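Going by TrEMBL, these are the annotated features:
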- 1-21: signal peptide (SIGNAL)
- 28-105: domain 'Inhibitor I9' (DOMAIN)
- 138-597: domain 'Peptidase S8/S53' (DOMAIN)
- 145: active site, charge relay system (ACT_SITE)
- 197-228: region 'Disordered' (REGION)
- 204-222: compositional bias 'Basic and acidic residues' (COMPBIAS)
- 221: active site, charge relay system (ACT_SITE)
- 379-466: domain 'PA' (DOMAIN)
- 552: active site, charge relay system (ACT_SITE)
- 667-729: domain 'Subtilisin-like protease fibronectin type-III' (DOMAIN)
């Protein structure tokens, strides 16, 4: 008898953040078409789309960018505002939305995951994954990213058989990329940049000169991810001597097809859809996308829509979860047909030490490639800027350090605002000889190694605070920096990376995301020959390999492992592969303790790691899988109350009715559970699941339940008996109730006190400021919390600040670009409620602490203060930005995922004896929407301004 353990991952939600997509004047739109209106007069989709545009007096030669057929039924076109109503009113058009701009989510790992050497030695053929690795030569992994550096040894095809006959891909020639560069490893390379060029103004003259109009990778990100998934073994690989060893991908025998969809400023949805469209036609088996924007309805998410069609064709799709952790609800790529991947650490580290003049030593990490600073003590400085009293020098921002005070010294820099590697460049250019880079509170003790341009040690937040205090208080602060190279067998590992985006899932809270985590910190893989390890223009070093961190790195690990499972089980569906990965994932580290969250050092939760850390060996033989078909996904979409047009746009289905819908989105046959209890209702939840036996005949499984305190969990039956392989057990089949699998949950207490809640809403101000929000404040008082909403596309600004629910009169409605209701705020029964016509935003707003009996009344003047500021700044492309820490003196900045400054709040003038503060959005981000928890200053008043 075979016994299995079912672990139920249960999470609870009480309120969710909302986002808005904006409409600009002239831009690219993605248009979804209803094929029921296509006639025999148009033999291809492309001809039909062109005819449709001409019927509306829109010249396809000038406006049409892409015609899609495999990924979606639709096209991408550059349109003027007056052309939009013509399209939206036409019965053949299902949906229209702006082209979003999505960011990238940026050797030891095969050994850490238990994968065998490649090619397997004859004596090691007993390794369970060897047959899968050998069969993977028939599997093609499509990587949508920044392209590829084909000369990298990671794409050597030595020992590989001929390309599978079924492969329909191509190697497209372009700038510095002849088609002869493809081989039996790199079997395809294409480039998609029409959306990028349209956004840049349309012509090649508007493109940065350093970009390659071809599949060639200038950035390095795409080369890194592709080689992580399926790179060939390369001996003696390292980054400047660090992480030395054999570098190889997860599935070194698999083939790679590269689709360049990302450019200098990110990845446009129209280009991504074009890449997915062609990848499906080419015949890829796995798709890997280390990119994504904010959380949006699936009908407005090109990655979700394209992935749906890919999964329909039997293609496994893995996407990165995002790098906006540890903030809650910071996930991207949350569709259930996508495998959403978070990031954890390896058991490898690059230790370094800071020794202060007082004898204290602090551990950190470094990838210093030259001589260290361990021969003698060197003076240390902090905040020595060109402008007295400026905080910018503390962050080592460009042009802020005073060379006279920095030359020949080690500079202490705070993490945040600008990129980590740029700080090192700033210090070096100012004459500094070394740098100590300290984490902020939000980064916690997470240590990410970078190959800086000068000797640098990165330290955690706790060590950083102590070092900073020493530098500030000592009359003659000094330090030495020493480096210890590469260390293996680090404990504990894995640890959940602080940057890894977290749940709960704001689009469908009944789905637990991320699905699982994989190695994503300090990963060695192939690199572009166009740029140095830092990616900075002034970095003249070149290396065939680089060490990078991000969910961008963890995603291709899962893609590669999925290729192995696909090779071992070619008859498994994408959902079966995902199920095998999730149900066999582990939640204990290599010390036998629960996984730790690097953000604060406490035990991690399912919102951080999903089902756990991937285990390729166990995933090969999961015993049971939770399978999901296209019909199940359609029933799921119907349960979300999406319109028929939106469901047709996502699924390409011509069915105009929801003949089948799930009673609850949580009843999708998903391998994990996320249960939402209401505050004073819905204290009982019942879900059902169907299991498929992929083990041996005669398998018997007993249920073991592990549930959270305060919740009673019941599973029926307690035993499942499978007589044959492929047998499914579903409700109503088999011998009575023993062949049913039902999960029932009941709350023993009011779950309204959950800690994952938004702050109370109080005052609301409206003005007509499209890109600038101007406020006045009493200086140096930090004791508020609230919301700021700046909607540039519609010229409306909402400021919600303070503590109680003062000033809420009647109702306030926030609407999206299509006029759909996003959020309504009203005072009912003394509670500010956030109600919506869209289920994903149902919920209440309560205080920071989420106390059960402390929802603020209409007159409560007090509220708790959070020094961790979170701001979502979402352009029409769904960018995600973050601000960490409280306001410092008179300046607060907002940075994007690369660390580039996006917006700044600072004193600009004195009016009537009061300081005038202004939030100014940087060039390139002038059409933006800000929503989030903003630590505001007391006595703020909104004012109308003009741009």
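Here the Cβ of each residue, glycine as well, is placed from N, Cα and C on the backbone.
The structure displayed is predicted, hence computed values, not measured ones.
Residue counts for the domain 'Inhibitor I9' (28-105) by DSSP state, with H, G and I taken as helix and E and B as strand, are 27 helix, 26 strand, 25 coil. Each residue in the domain 'PA' (379-466) has a pLDDT score, and their mean in this model is 90. Across the domain 'PA' (379-466), the DSSP tally of helix, strand and coil residues reads 24 helix, 22 strand, 42 coil. A sphere of 10 angstroms centred on the C-beta of residue 221 (active site, charge relay system) encloses 26 other C-beta atoms.
For residue 552 (active site, charge relay system), the count of additional Cβ atoms within 10 Å of its Cβ stands at 30 [all protein chains shown]. For the domain 'Subtilisin-like protease fibronectin type-III' (667-729), the DSSP-based tally of helix, strand and coil residues reads 1 helix, 24 strand, 38 coil.
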